[in-house]
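Shown next, in structure tokens, is the structure this report addresses.
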Amino acid sequence: MIELLSIALKHSNIILNSIFIGAFILNLLFAFTIIFMERRSANSIWAWLLVLVFLPLFGFILYLLLGRQIQRDQIFKIDKEDKKGLELIVDEQLAALKNENFSNSNYQIVKFKEMIQMLLYNNAAFLTTDNDLKIYTDGQEKFDDLIQDIRNATDYIHFQYYIIQNDELGRTILNELGKKAEQGVEVKILYDDMGSRGLRKKGLRPFRNKGGHAEAFFPSKLPLINLRMNNRNHRKIVVIDGQIGYVGGFNVGDEYLGKSKKFGYWRDTHLRIVGDAVNALQLRFILDWNSQATRDHISYDDRYFPDVNSGGTIGVQIASSGPDEEWEQIKYGYLKMISSAKKSIYIQSPYFIPDQAFLDSIKIAALGGVDVNIMIPNKPDHPFVFWATLKNAASLLDAGVKVFHYDNGFLHSKTLVIDDEIASVGTANMDHRSFTLNFEVNAFIYDQQIAKKLKQAFIDDLAVSSELTKARYAKRSLWIKFKEGISQLLSPIL
């Protein structure tokens, strides 16, 4: 008996040793990949090395799920002829910027031509100058208008969201889209497989049975694990008949109407656009759809890019970014805006975990006399992200930055307003995930009236916010300091 136990222990030791050796070899291979084969910041490299060293049995699994970088092999493809047409528009606009020769040009477009040129050159974010915009800060108003626009559609509806919940609002929207599909309108839904995991096939069955088409972005090929869970499509885009576009922070679900007991009122920012900027949203949707669709690819014909008579005069660039891009375009757009500030900066972001260079740009602006105001949530939806956000925002207090906690529910708005002149609204948070890992889209707006309206929305929010002063921050408990420290350490991989 003792001899049998001895043999069993010996074999179990051999198995355990084999597991540890195998994990060590895998971690070593992944460490080599992280250091030499991938483009990462030094902070990200060190964070992943710490994970591999201190979690030897699970580090490589975490890396497979959360750390792998996507291959930059043109996920989003456009045929040669259409690419030539897009390049022609970009070249013409670059020449016009150089000569300051823009039709309907306004003061902001001339003043910020370097920023426009940067987004044009590296992101093909062509400038449109004939737009009319409506700003939403309340979910009920936004979805009321969206449903009405869906009901008025006559040709097609292209509908893309990170999250579509299988709840009352989600089913209402899907039902309205299904009705249009039954009427012969082309209706296509693109949803993120991770963000909309509550929807999946069963929730879409009635919509599909009515003739609608739906595709998941980066769907999982395994039942419980998505190996691309780290690269999600966070974009929210709607295009209706090529005439109306929506972009911003609201997802689709009851909680975005303020019906969540956990979060309460949901404060976000979204845009309704009429004008040629809708063509840019359409292009982004087609690229995303065609990259995932197994059938029903969308062509680039004139039907999807009609002339729009908006009567508007607002300048807009639609910029997108993602792990497939060489440059972090939305981040660069934010940085260019911040560096151009002379009077004021207003930032709203639920997740504020930028890199040190980004934080330094804000400090430089504040130390140079710019009035810098940042608003973040006062309740967490992701604990580690919340504590890292708090620590980053508080690190700016000594430079004179004013930081506010939004107390009236949950703040999910992603806005940046500079000097009452230009603004950005979209899906990108001010963190590593939005800048580098996720697929995002933002509208960069060159218009004083829109900038002033967005600034006023921030000021209105101050009535239900509390300032995070240095004295108040200094009183936080040791437990909060500990959570901040751990979250800050993990921030490069959050």
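Yeah, the Cβs are placed from backbone N, Cα and C, and that goes for glycine too.
According to Swiss-Prot, the feature transmembrane segment maps to 14-34, 45-65. Annotation comment: Swiss-Prot describes 229-256 as domain 'PLD phosphodiesterase 1'. Feature annotation from Swiss-Prot assigns active site to His234, Lys236, Asp241, His412, Lys414, Asp419; the stated evidence is sequence analysis. Swiss-Prot lists 407-434 with the feature domain 'PLD phosphodiesterase 2', giving sequence analysis as the kind of evidence.
Counting in whole angstrom, Asp419 (active site) lies 28 from His234 (active site) by their C-alpha atoms. Nearest in space to Asp241 (active site), taking C-alpha to C-alpha distance over the active-site residues His234, His412, Lys414, is His234. His234 (active site) is 13 Å away from His412 (active site) when you measure Cα to Cα.
Secondary structure of the domain 'PLD phosphodiesterase 1' (229-256), assigned with DSSP and counted as helix (H, G, I), strand (E, B) and coil, comes to 3 helix, 11 strand, 14 coil.
A sphere of 10 angstroms centred on the C-beta of Asp241 (active site) encloses 20 other C-beta atoms. All protein chains included, Lys414 (active site) registers 25 other Cβ atoms within 10 Å of its own Cβ.
Taking the Cβ of His234 (active site) as centre and 10 Å as the limit, one finds 25 other Cβ atoms among all the protein chains shown. With respect to their backbone Cα atoms, Lys236 (active site) and Lys414 (active site) stand 13 Å from each other. Within 10 Å of the Cβ of Asp419 (active site) there are 21 other Cβ atoms, across all protein chains.
Taking the C-alpha positions, the distance from Lys414 (active site) to His234 (active site) comes to 13 Å.
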